[in-house]
Amino acid sequence: MEGFMDSGTQTDAVVVLSLAQAAVLGLVSENELFGATISAEAFYPDLGPELSGAAMGEPEPPGPDVYQLACNGRALEEPAEEEVLEVEAACEKHTRRKTRPPVRLVPKVKFEKVEEEEQEVYEVSVPGDDKDAGPAEAPAEAASGGCDALVQSSAVKMIDLSAFSRKPRTLRHLPRTPRPELNVAPYDPHFPAPARDGFPEPSMALPGPEALPTECGFEPPHLAPLSDPEAPSMESPEPVKPEQGFVWQEASEFEADTAGSTVERHKKAQLDRLDINVQIDDSYLVEAGDRQKRWQCRMCEKSYTSKYNLVTHILGHNGIKPHSCPHCSKLFKQPSHLQTHLLTHQGTRPHKCQVCHKAFTQTSHLKRHMLLHSEVKPYSCHFCGRGFAYPSELKAHEVKHESGRCHVCVECGLDFSTLTQLKRHLASHQGPTLYQCLECDKSFHYRSQLQNHMLKHQNVRPFVCTECGMEFSQIHHLKQHSLTHKGVKEFKCEVCGREFTLQANMKRHMLIHTSVRPYQCHICFKTFVQKQTLKTHMIVHSPVKPFKCKVCGKSFNRMYNLLGHMHLHAGSKPFKCPYCSSKFNLKGNLSRHMKVKHGVMDIGLDSQDPMMELTGTDPSELDGQQEMEDFEENAYSYASVDSSAEASVLTEQAMKEMAYYNVL
């Protein structure tokens, strides 16, 4: 202890403090000059200046006033006797050292600008700071603040500043533009980046085992790395002034903010990876008429109403489509295109064609579809010049040309699978008199029709009815005739209830109930519903009577009159009135009788309803129509296999006339 009091050999115990730390302790002001020396007087204010450099008498253990701090007057607990002895031993150790120069105070500078060679650390023995301290000093040691991080070696003794430490809080960096000279790296807690230029990566310690992610925190080079097991741990970060860009924030608020900032950094990283800087200025604006301007692309001259659409369009030229479908992973340039595409997965088709009611997901598809209903065909074949509404149709058509399977009409451009179909189609462009019969000068559109017609002149009838022995030149004529033997009349008029064997006869009959009579005779000005009825009527004005009876030689101008006459030779009157005993050889005569005598009209041979009245129908028109139908349906129902030769000749003649009137 005597050596400790010797002023000749004893130097003052000094500690390295920065200006900020000295200002916090109340030792110096912030305007203090560099190189100031802090002596033991600052820590022991009760010792006068006369005792600082002279030998002291008996050494006495320091009392409570010795540990009184000048900044706020808070006193520490009195150290134990063992601690006093350790302090004395430490002071004796300093007596054997050489005189050291005054220690410079380190000014408060930014961590990234502090050099290693500018820092000097000295070992200082301070009362109450021993590793064997009692339990009373343990909490204060554990709560040591930012001053602990300024010492590199575990052997360096630190001053207990727990009385001046604040409550542990979390640092949050203020959003601002980073400085260009700072190389800020994104935070990754699992994969820390390697050290650069011998300096550890910037980091800040949380009050727990995990590190706080920060973008602008830098660790000065004189601090020990966090992985050093001997380095003192920082349980509470040192308060930093607001001018450094930090604000205080509680841990719960920080977690909520970092969750959103992480998403923003992820989006920003995606945009950064594009590595494309699109600069759009007013030079992209072009006049669009009506004092409107549009943003026009300089690569394809396509224009848009908004600058954003132009930017996404330019990115599309570079193959960048940032919007992906979650269902099929298809990429799109704009979010509106993605929303339209999602309608296909939802089954929604809002755009409908007004002509055929076909629905589409996009208006562009509907517009392209409308070309099918118009004469506009923008896609033309370079082989034959035929136009198409869709490019897919054009491609499929050109494939037929290349494979030789396409037979195209030179008049209208239609294609056919076979050459026969093409030749038949060409006949429609060459007029109605291409194929003409040499026997009767009748013309036909197709060759097959002329060939069937020539069978009538050659008297070739290969199709024979098994019921009555009637022969027909075509199979469909036999099928129609066979229905008359079955008595099946499946087609019924909805107006008058009359039944028909053939649907064509029923449709022709339905025209009688309409008020439209477009066909008129130029001789008597009588009007008719059907063209065929007018042709039949014209025979009345002709002096020629082509229908002649083979039995008596009587001639008739209409076929049904000849058929009725033949019933007289046979002695048969098959049509009987249901109201009286009158019989008739023709159904038309029976109908006329029922209309005049009884005021009703019969329904048919098998179903005669006397309650059905004929209203709004011309009797002559009805009789003529019924006579035509009677000829087609019932003319041959009374011929038998063992008929005479005359009847057979008559039947053949009737068949010829039927074919004559059926062909327009």
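Just so it is clear, glycine is given a Cβ too, placed from its N, Cα and C backbone atoms.
Residue annotated by Swiss-Prot as SUMO2 cross-link (from the set K93, K113, K479): K113. What Swiss-Prot records as SUMO2 cross-link, among K110, K157, K442, is residue K110.
When the residues K167, K377, K545 are compared with Swiss-Prot, the one annotated as SUMO2 cross-link is K377. Ranges compared are 121-141, 184-204, 205-225, 457-477, and Swiss-Prot records region 'Disordered' for 121-141. Of the listed segments 29-51, 52-74, 351-373, Swiss-Prot assigns zinc finger to 351-373. Cross-referencing 272-294, 295-317 with Swiss-Prot places the feature zinc finger at 295-317.
As annotated in Swiss-Prot, zinc finger covers the listed stretch 435-457 rather than the other ranges in 435-457, 642-664. There are 17 other Cβ atoms within 10 Å of the Cβ belonging to K377 (SUMO2 cross-link).
According to its DSSP assignment, K377 (SUMO2 cross-link) is coil. Below 8 A, the CB atoms of the zinc finger (407-429) and the zinc finger (379-401) form 3+ pairs separated by six or more positions in the chain. Across the range of the zinc finger (547-569), the DSSP-based residue counts are 11 helix, 4 strand, 8 coil.
Applying DSSP to the zinc finger (323-345) sorts its residues as follows: 11 helix, 4 strand, 8 coil.
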